[in-house]
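Novice: Just dropping this structure here.
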Amino acid sequence: MLSYRHSYHAGNFADVLKHLVQVSVLDHLLLKDKPFVVHDTHGGAGVYEVASEHMQKTGEYQEGIARLYGASTGLPAINRYLNLVGRFSRPGGLSHYPGSPAISAALLRDQDRLQVTELHSTDAALLEAHFRGDRRVRVYKQDAWAGVKALLPAAHKRGLVLVDPSYELSGDDRATVAGVREAVKRFNTGCFVVWYPMLQRRRADYLARGLMGLADKHLRVELNVLNDGAARGMTGSGLVVLNPPWTLAGQMEEALPFLHGKLSQGGGGYRLESDAGVLLEHAAR
Ligand code: SAM
C-alpha cells in the first residue's frame, strides 16, 4: 500500500533542483529536430494547486519554489525553469506547480513522446485525466520497474529517463539501482536522471555511488539546505545523471551556489561531481 502523495511536497527545495535539471536536459534534447522520448518512471499527479489542502498543510513549497518564483536571476537555465513553472500559474502569483510529466509535456514537440508509469491509483487517474486527448503522452498505471521492462527500449533512440522514487520501502535503494541498471541496458543511448534524498549521508553516498557505477559518463548534483543530521527528515537531495549533456555541468556550476543562497535553511552546501572528479564543493559553516 503506497502512502506517499507528492501533492504534499510539490514545489519543495528538492523539486526545484530536480525540475531544473530536467528542464536543462530537455532543452539539450530540443536542440535537434530528431524526435525523442521521455520515460518518467514515477509520475505523480501532474499539476498541483498551491491553495490545495495538501500543499498548504506542509507548506514545503514556501521553502522551495516560493523563494524563487518571479525572480530574474541572470542565469539562463534557472530563468528558463522559472518561466516554465510560471506558465502553469494564473497572472499575479504562484497558483499551480507542475510535476515532472507536466514539465516534459510543456516542452515536447509533436514528434516527441512521453510515457509515464505511476502506481498510486488516485495519482495515476489524475495524471491520465490531465493528459486525456494529448496523443504525445501515454500514462500507465504500472509499477516503475515493470514499466522499464515493458516500455524500454523506447520508440526513439534519443531521450530522457527520469527516475524519481518515493523511497518508502526498505528495499527501495537497491531496487532503484537494479531498475536503473536494467533501464540503461535497454536504452543505453538515453540520458538518465535519478533523484535521491539526503536523509543519512552514508546511505545517500552508497546509493549515489551505485548509480554512478552504471555509466562511464555521469554527473552527481547535490544541494543540501541544512547540515547533515540537523533535521529528522530530508536535509537536502541530489541527482545522479548518467550520460549527461555536455552543457549540464557548466549550468550546475552556476546554479548550485545561487540555489544554495536562496534555499538554504541555515546550513548545508552543495557538491558537483563528474566522472572526471569533484568539480565544485561547498559546505556552509
Ligand atoms: N516525478 C514526480 C514529479 O517530479 O513531479 C514526483 C514523483 S513522487 C516523488 C513519487 C511517485 O512514485 C509517487 O506518486 C508514488 O505514488 C509513485 N510510486 C511509488 N512507488 C511506485 C512504483 N513502484 N512504481 C510506480 N510509481 C510508484
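Cβ coordinates come from backbone N, Cα and C, glycine included.
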Novice: Can you find which of Ser72, Ser89, Ser95, Ser100 TrEMBL lists as binding S-adenosyl-L-methionine at the same site as His19, His42, Glu118, Asp143, Ala144, Asp164?
Specialist: Ser100
Novice: Cα-Cα separation of His42 (S-adenosyl-L-methionine binding site) and Asp164 (active site, proton acceptor), in Å?
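Specialist: Spelling it out, the Cα of His42 (S-adenosyl-L-methionine binding site) and the Cα of Asp164 (active site, proton acceptor) are 5 Å apart.
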Novice: What is the separation, in Å, between the Cα atoms of His19 (S-adenosyl-L-methionine binding site) and Asp164 (active site, proton acceptor)?
Specialist: 11
Novice: For each of the recorded positions (Asp143, Asp164), count the other CB atoms lying within 10 A of its CB, then report the residue with the highest count.
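Specialist: Its Cβ has the most other Cβ atoms within 10 Å: Asp164.
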